[in-house]
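Let me begin by presenting the structure, written as structure tokens, before commenting on it.
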Amino acid sequence: MKERKYFGTDGVRGLVGEHPINPEFAMKLGWAAGRVLSENGTKKVMIGKDTRISGYMLETALQAGLIAAGIDVVLLGPMPTPAIAYLAQTFRAEAGIVISASHNPYYDNGIKFFNCRGLKLDDKVELEIEAMLDEPMTCVESDKLGKASRLTSADGRYIEFCKSQFPQSLSLEGLKIVLDCANGATYHIAPSVMRELGANIITHACEPNGVNINHECGATHVDTLKRKVLEHNADVGIAYDGDGDRVMMVDHNGRVFDGDDLVYIIACQAAQDDNLGGGVVGTVMSNMGLENALKAKGIEFARSKVGDRYVMELLQQKGWTIGGESSGHVLNLDLISTGDGIISSLQVLAAMVAQNKTLQDLGTGFTKYPMKMINVRYTPGTDPTKAPAVLAAVAEVEQTLGEKGRVLLRKSGTEPVVRVMVEAEQEKLVIDSAEKIAAVVESMSKQTD
């Protein structure tokens, strides 16, 4: 299959104001997507965004391009990414478009698409849109132009949906929860969901101003959350990322529970309820300890490429429902079609309440292997991972580790870095091995400059 030019592992991403994240390209992308998507007959698309200041600009440009292609646009305003997927599905729209750069700083932004089933677009459709971008932009006849409207009930609809995924027989009454919304898209959703289910909520980073999204807060910066959990003697802390599709949690002692931990807890609860529906999908980055812990409980485990779209693909191939990434993307296809930070955290909270256990208690039985990851920048257009010296260094480390460890070398799908990851039972061996491989990768990268 032809390689995509603009679409990466999570849509189109970049620095605001630079190609392709500028008004001109966004309008052309809206038009191209409108032309491709309208071939299916439905002429309605929903657009949502996170809280970045550039969202207004990109939203308007996308809207103009779609309308020029004859597509009706429904504006959702600031909403979590999974909410946009859900609403596009329930409103029978041809697509949901998300304007967000997830956990990245405010000066980055991105555009990604969900189809009418709430799933990310197939590679084939993305290639069709890219091919249409090469065509000159035209406008449909005036009487066939699209229209724009705003769905003012979007937040209320999604709050009720999230609450409906929490067991009717349970309540969060008596739980004190610190909630970090990353000054992002969950700021007006998650607190309402938790409060209406009975929890005592202490909020942090719930006041977006357009430029503070993910700034020293959220799922990628949990130090403040840890401190606040301890300060307030809270039962648990929850941190979402800027667009609400990732989640990290903190127990009452300040220990961080990442995506691997949460997948383990959710899968174990599902197995206990006789509702697992097969095995669990992780990625090549999932900790070896997760695989071993699940297998010890008789739960099959499979690995996909990195990216929640690939976790989804493998889940669908196997007919399973639960999977996720250590970064905090957690999927449960019985509940929603994409990773949802709020719903994933509700599943963990439900397990705490149902079993009358702390988050710490639920994590017993899963011990992570020591892991070291080093990011090495490289020149775009080159591939140091295929250099003979790098392959030799990897082979040497793999021979030393044997079956008690593993090495992963991969290029990021969103930035020009090679990720060097080593896992093993002994921490010193892990660090030494990762640094050894990274040094060779770096030397090869410099040679290609």
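Positions of Cβ are set from backbone N, Cα and C atoms, glycine also.
With D241, D243, D245 listed by Swiss-Prot as binding Mg(2+), the candidate from S54, S102, S345, S412 annotated for that site turns out to be S102. Cβ atoms within 8 Å of the centroid of the Cβ atoms of S102, D241, D243, D245 (the Mg(2+) site) belong to the same-chain residues D50, P80, T81, S100, H103, G184, A185, A219, Y240, G242, G244, R246, G341, site residues excluded. DSSP assigns D243 (Mg(2+) binding site) to coil in the three-state reduction, outside any helix or strand. Cα to Cα, D243 (Mg(2+) binding site) and S102 (active site, phosphoserine intermediate) are separated by 5 Å. Cβ neighbour count for D245 (Mg(2+) binding site): 32 (other Cβ atoms within 10 Å of its Cβ, all protein chains included).
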